[in-house]
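Here's what TrEMBL has on this protein:
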- H2: Ni(2+) binding site (BINDING)
- C73, C76, C90, C93: Zn(2+) binding site (BINDING)
- 113-133: region 'Disordered' (REGION)
Amino acid sequence: MHEMSIAVAMVEQATEAPAAKGHEKVTAVRLRLGELAGVVADSLRFCFSLACAGTPLDGASLLIDFVPGRARCEPCGAEWATGMPPQLCCPQCEGGRTELVAGRELQITGLRHADGEPPARTAHPASVQAEES
Ligand SMILES: [Zn+2]
């Protein structure tokens, strides 16, 4: 299952992140999730809770910031919300040379720890690299 490999990669990344050093337990993970990332949020939440079991993230909640998909037309510069399923044809000139500006994000942007510190922002949000199975 796609979401399961992503959840496992997230747990590994969260436990190895510099922000996690010196903390025994992570209580929440904040994730930026693009509309077009191909991830089902409910499924990811479920897989995340399974992947967390027996790790410092056991029982951690998953906070998801959704990022709407946006595309830009290269020839005319128009920008629009792609929606889902994504509209990748320019609404102005109907051109097909389209660049995705946003919507494919899959990044851990912060961790919260049991000792009550505010969520630590990671300096450089790193994309979750899941192995395709
Ligand atoms: Zn256009």
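Quick reminder: no glycine exception, Cβ is built from N, Cα and C everywhere.
In three-state terms derived from DSSP, C73 (Zn(2+) binding site) belongs to an extended strand segment.
Residue with the densest Cβ environment among the binding-site residues C76, C90, C93: C90, by other Cβ atoms within 10 Å.
By the rule that a residue counts when its Cβ sits under 6 Å from some atom of ligand 1, the binding-site residues H2, C73, C76, C93 yield C73, C76, C93. Shown are the binding-site residues H2, C73; of these, the residue with the fewest other Cβ atoms within 10 Å is H2.
Take the mean position of the Cβ atoms of C73, C76, C90, C93, the recorded Zn(2+) site; other residues of that chain with a Cβ within 8 Å of it are E74, P75, G77, A78, P91, Q92, E94, G95. Here the Cα atom of C73 (Zn(2+) binding site) is found 30 Å from that of the residue listed as 'Ni(2+) binding site'. H2 (Ni(2+) binding site) falls within a helix when secondary structure is assigned with DSSP.
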